[in-house]
Amino acid sequence: MSPCGYYSKWRNRDRPEYRRNLRFRRFFSSIHPNAAAGSGFNGPGVFITSVTGVWLCFLCIFSMFVTAVVSVSPSSFYESLQVEPTQSEDITRSAHLGDGDEIREAIHKSQDAETKPTFYVCPPPTGSTIVRLEPPRTCPDYHLGKNFTEGIAVVYKENIAAYKFKATVYYKDVIVSTAWAGSSYTQITNRYADRVPIPVSEITDTIDKFGKCSSKATYVRNNHKVEAFNEDKNPQDMPLIASKYNSVGSKAWHTTNDTYMVAGTPGTYRTGTSVNCIIEEVEARSIFPYDSFGLSTGDIIYMSPFFGLRDGAYREHSNYAMDRFHQFEGYRQRDLDTRALLEPAARNFLVTPHLTVGWNWKPKRTEVCSLVKWREVEDVVRDEYAHNFRFTMKTLSTTFISETNEFNLNQIHLSQCVKEEARAIINRIYTTRYNSSHVRTGDIQTYLARGGFVVVFQPLLSNSLARLYLQELVRENTNHSPQKHPTRNTRSRRSVPVELRANRTITTTSSVEFAMLQFTYDHIQEHVNEMLARISSSWCQLQNRERALWSGLFPINPSALASTILDQRVKARILGDVISVSNCPELGSDTRIILQNSMRVSGSTTRCYSRPLISIVSLNGSGTVEGQLGTDNELIMSRDLLEPCVANHKRYFLFGHHYVYYEDYRYVREIAVHDVGMISTYVDLNLTLLKDREFMPLQVYTRDELRDTGLLDYSEIQRRNQMHSLRFYDIDKVVQYDSGTAIMQGMAQFFQGLGTAGQAVGHVVLGATGALLSTVHGFTTFLSNPFGALAVGLLVLAGLVAAFFAYRYVLKLKTSPMKALYPLTTKGLKQLPEGMDPFAEKPNATDTPIEEIGDSQNTEPSVNSGFDPDKFREAQEMIKYMTLVSAAERQESKARKKNKTSALLTSRLTGLALRNRRGYSRVRTENVTGV
């Protein structure tokens, strides 16, 4: 007998030999003639002498596999398989791997990094466990249709905007200024400004009749009647002129541009009064409940703009006495720009403490509405869901929810404008878009939606559906007797009584995001529900069809189908109309599988095995079981799968995570799984994706509407207040006040009161005074110049210094005139020793002179003489005569200037007296001691 050949392989991912091709090795045994050496076999060889021995071994261990589940660890298989590559194989491998083969090999390794394979042992089913296929199911039929209604809708919201109208403000601007007049300046010490209302009689008889206004203002302050006159002059009617600046929507007229002020004589207070008649056309605003209105001037009138004396308007709110209010029917106001009269109208006038306001009266119900249109929607779908109506508006990406009962608009105060306006809009849309394709079904319907929105809805029906309904109605009328009438509950939904509440108001949210989110949710819900319904129905139908396929394929391969259905590895067999199944346990970790490299039957040249032969070796020494490799790593505990040997035999079998290739019933090589092309039996599920829906930025209330919610427009008020001075007064005009002019005017008025003679004297006095004032003005102007002031300051400083030195000189003349007149002569007197008498006689001529006393270092020559009493008396006489000479010269000089005889005569006599002066003796010119 020829030896039996075995092929074995160790699985070890850490060794490089694992991925390489196997080489053939054969070893011969005396038992089996076709034995082959297993490459890398590391255990004791197991030799089976004959086929009978295989069956005996199988019967010995079969009971163990049937009663207990033997599991094989994935690692045990690879531990029992090992390939020792030869040198030629390494050379071949290196020849096939180029620069890019390393990357390919790394990719293959990453693809082969899978879980370790599991081998199953499937015993033949004995019929102890039988199953059957479930009969076909009845697939559900989902009806997603709802009661949809097409239509046109107009959505209304709460009107938060103020009611605006034109009003005219009449007042007189009274300014009383008190000024103090200084010598060269004018100072305002007090200023009083007030607004005075213009009487209605002056408005009707002067302003709107002649376009003029009086310069007199009469008003009440502190419970006293006060009068003011422009420029403190007699009153007169002054023409109204347009203001220089006007704001948007506002015009104004006034009588003067100047503010009158009087500057009196220096040191006096004067008061001046100016009265400016001002008429302003302003914007007035009133908000719900319209019990007051505000003006763009900042004033608030606590009276309804709809207050009047007719049509029940006297019931409107008012906080003023009736004598302050006047209403004129057919009143014609004058346009102060064109001087033309306007159309007759009902004119209201109200006199307040500071102004008079006038406006045209109009009925309340025709002017204001508590609701305002928000959106016009041409295509709306209404459906009933959970006892509510849903209005889906795709153009706005919103869904509004309301009750199924209609809403009575009469419950809302001042909502009379809604139906008329909505009807006109719906008629326009229907005429332009749906006139040829749809018909109207009933009248317009109103619903109160969540969030405070009122939906005015017009149901529509396509022409095709209308024809079907008409045919159905004709058929019903033919089949029923004419005595029968429709029951009253056909319109019970609309006939539900609604409790009316008078003066009801609604509050609309400032955001519509909730409606947009509702629309998005409904859109997603509709799409998902429809998709799931279709999938469920299709899935059920597919299962019924697959059931028929399962039933037909079970006789062909019951084990594969049963394993797929039961989601576990089983062995199955058809037993009539039922299926017998048995469980396929996994091999344990103490088992090793050996794959043989030959598929030929020993001793036969025509019979071969159709599946590879394997040997299951237990590592715990319990024995070896021979079998065949089944499909999907199934281990068959028999070798009954035979076939006639054929030429050019080529087979691929899955063994673990790889395919083994047999050619002519002999093992050739191992092939990786990823090297075998794959075809898929799966069908992709093509579902419709959810459509994109973008949220549109919708504003319930615009910025202008939000700005108009208040009673006053503060921006307009600030604009008006800042322009007030520019509009009615000339801020660029400067009036120069001169105190000298004031003095001259006062003196002129005084002399004019004295008559003709006084005027003549006044001209002379005013001329002299004018010259004096001009001189003073020139001097003050020079001083006002910075350089002039600096020069004057320097001169004053120099004068002060000169005065200081002059004062010292005069003081010196008074205290010691000789020292002041003869400082050098008297210098030696300062050098006399203390206690020495300057008038004492010198003892001898050799004594130290006076000039040398106390100064021994003086190198100048000294006068060697002492005090001489005679010389002292002579000096006194000389001083007297010098005084007389000076006086005579002054007298003679004055006489020459005046050319008068008396003065000359006096001068001559004085000279003669001096010449004939007794006691005069000639002064000696030589020194007494002699030099």
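Glycine too: its Cβ is placed from the backbone N, Cα and C atoms.
The feature N-linked glycosylation site is assigned by Swiss-Prot to Asn147 (among others).
Marked as N-linked glycosylation site by Swiss-Prot on the basis of sequence analysis: Asn257 (among others).
Cβ neighbours within 10 Å of Asn435 (N-linked glycosylation site), excluding its own Cβ and spanning all shown chains: 10. Sequence annotations record features per position, and here Swiss-Prot assigns N-linked glycosylation site to Asn435 (among others) based on sequence analysis.
Taken from Swiss-Prot, the feature N-linked glycosylation site applies to Asn503 (among others), supported by sequence analysis.
When secondary structure is read from DSSP and collapsed to three states, Asn620 (N-linked glycosylation site) falls in the coil class. Annotation source Swiss-Prot lists N-linked glycosylation site at Asn620 (among others).
Sequence annotations record features per position, and here Swiss-Prot assigns N-linked glycosylation site to Asn686 (among others) based on sequence analysis.
Among the features that Swiss-Prot reports, region 'Involved in fusion and/or binding to host membrane' is placed at 179-185 (among others), with the record citing sequence analysis.
Sequence annotations record features per position, and here Swiss-Prot assigns region 'Involved in fusion and/or binding to host membrane' to 264-271 (among others).
Under the heading region 'Hydrophobic membrane proximal region', Swiss-Prot lists 731-784 (among others), citing sequence analysis as support.
Positions annotated as region 'Hydrophobic membrane proximal region' by Swiss-Prot: 764-784 (among others).
The motif 'Golgi targeting' annotation in Swiss-Prot covers 881-884, and the record cites sequence analysis as its basis. As a whole-number mean, the pLDDT of the motif 'Golgi targeting' (881-884) in this prediction is 74.
Per Swiss-Prot, the feature signal peptide maps to 1-71.
If you look up Swiss-Prot, you'll see 808-931 marked as topological domain 'Intravirion'.
Summarising the annotation, Swiss-Prot assigns transmembrane segment to 787-807 and lists sequence analysis as the type of evidence.
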Can you tell which of Asn257, Asn620 has the least company, meaning the fewest other C-beta atoms within 10 angstroms of its C-beta, among these glycosylation sites?
Asn620
Can you tell me how far the Cα of Asn435 (N-linked glycosylation site) sits from the Cα of Asn257 (N-linked glycosylation site), in Å?
65
For the region 'Involved in fusion and/or binding to host membrane' (179-185), give me same-chain residues lying six or more residues beyond its boundaries with a C-beta closer than 8 angstroms to one of its C-beta atoms, as numbers and ranges.
261-272, 737, 739, 742, 780
Asn257 (N-linked glycosylation site) versus Asn620 (N-linked glycosylation site) - Cα distance in angstrom
125
Reduced to three DSSP states, the motif 'Golgi targeting' (881-884) has 4 helix, 0 strand, 0 coil
